[in-house]
Amino acid sequence: MKSFVFLTAALFLVAAVSASAYDEDDLPYDYYSKSCPKLEFIVHKKMEEWIKKDYSLAPALMRLHFHDCFVRGCDASILLDYEGSEKNANASKTLRGFEVIDDIKRELEKECPKTVSCSDILTVAARDATLAVGGPYWMVPYGRKDGTVSNAKEADQLVPMGHEVVTDLLELFQSKGLNVLDLVVLSGAHTIGRTTCESLQYRLYNYNGTKKSDTRLDHLYLNYLERKCRWASEYVDLDAVTPKKFDVQYYKNLQKGMGLLLTDQLLYKDSRTAPIVTALATQPDEFGSLFSASMVKMGNIQDYLSTDGEVRLNCARVNAPTNY
């Protein structure tokens, strides 16, 4: 018991030190206080409208933000739509929510033209999506610029697809300025949302070429998945117990062999991440606080110079030279 308490205290110390480092980031919280003071009101209202119509858009927008930030930083490059762009990569084929960002952008262009970047819109939309499904609130720093380059090959190389080992994930996160705690905490976003059966069929029928299932899977859960995932195009909830609730059930599932994606289940098998999973499984309030801090860190990933980028007028394409 003492070791568990010590571990928990250590996690929060790491989080506190990490968060304090990001308090001094160049991105300010009041960036639009004068130029677009109704920004958050407009985004929140639009998000409520969309999620009321389709609850699944909440996890979809959180995922869209993740994909954006891990390729070229949080620059809305995932929103650019042309042949060979990130949006059209294999890794992006199940992404959704683009129409929500476009709708918010149109409304903001009416209120404060040529002011709010698409990358800032996507970042705050992900925050409000989390809030809409019972997750925590956090303040969003603003001032990101929209990138002018988007490459499908980069997305396919960088975005995790659910079958990587923990070492690969840690290396990716560390390359973006994130740490092992961020990896486990941000993976907790899989407490809501769904994925296609295509991404896990190999675990059910031919794991590592054995023509058998992955032995890590709970046998009752395996039986359910085998019935559910006869077709690759079918969808399955990432959290089989509370799929529409933002909670710590995701971590409890990992302890029971009910991690849907291999990358999730391996978090409970690796000595670097398993203790964090164990700690978070019993501490929902702390998970919310840590998730907020990690989302701010992820939202601050910038792989471009502050002088680069633009404020797109249309999130799907770069501005024409005549717009300047």
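From the backbone N, Cα and C atoms, a Cβ is placed for every residue, glycine too.
Remember, predicted model here, so these are calculated numbers, not experimental data.
What TrEMBL says about this one:
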- HIS67: active site, proton acceptor (ACT_SITE)
- ASP68, VAL71, GLY73, ASP75, SER77, GLU86: Ca(2+) 1 binding site (BINDING)
- PRO160: substrate binding site (BINDING)
- THR191, ASP239, THR242, ASP247: Ca(2+) 2 binding site (BINDING)
- CYS36-CYS112: disulfide bond (DISULFID)
- CYS69-CYS74: disulfide bond (DISULFID)
- CYS118-CYS315: disulfide bond (DISULFID)
- CYS197-CYS229: disulfide bond (DISULFID)
- 26-319: domain 'Plant heme peroxidase family profile' (DOMAIN)
- ARG63: site 'Transition state stabilizer' (SITE)
Cβ contacts within 10 Å for CYS36 (disulfide bond), all chains included, total 18
I want the residues beyond ASP68, VAL71, GLY73, ASP75, SER77, GLU86 whose C-beta is within 8 angstroms of the mean position of the Ca(2+) 1 site's C-beta atoms, in chain order.
HIS67, CYS69, PHE70, ARG72, CYS74, ALA76, ILE78, GLY147, SER150, ASP303
Quick one: among the binding-site residues GLY73, PRO160, which has the most Cβ atoms sitting within 10 Å of its own Cβ?
GLY73
What whole-number Å value do you get for the CA-CA distance of ARG63 (site 'Transition state stabilizer') and CYS69 (disulfide bond)?
10
Entries of HIS67, CYS112, THR242 which, being recorded positions, have CA atoms within 10 angstroms of GLU86 (Ca(2+) 1 binding site)
HIS67
For the disulfide-bonded residues listed here, CYS112, CYS118, CYS229, which shows the highest count of neighbouring CB atoms within 10 A?
CYS118
Would you find the one among the recorded positions VAL71, CYS74, CYS315 whose Cβ has the most company, meaning other Cβ atoms within 10 Å?
CYS74
Candidates ASP68, ASP75, ASP239, ASP247 (binding-site residues); min other-Cβ count within 10 Å returns ASP247
Using Cα positions only, nearest of the recorded positions to CYS36 (disulfide bond) (VAL71, CYS118, ASP239, THR242):
CYS118
Integer Å value for the Cα distance linking ASP247 (Ca(2+) 2 binding site) with HIS67 (active site, proton acceptor) is 22
What is the separation, in Å, between the Cα atoms of THR242 (Ca(2+) 2 binding site) and CYS229 (disulfide bond)?
19
Would you count the other C-beta atoms found within 10 angstroms of the C-beta of THR242 (Ca(2+) 2 binding site) for me?
17
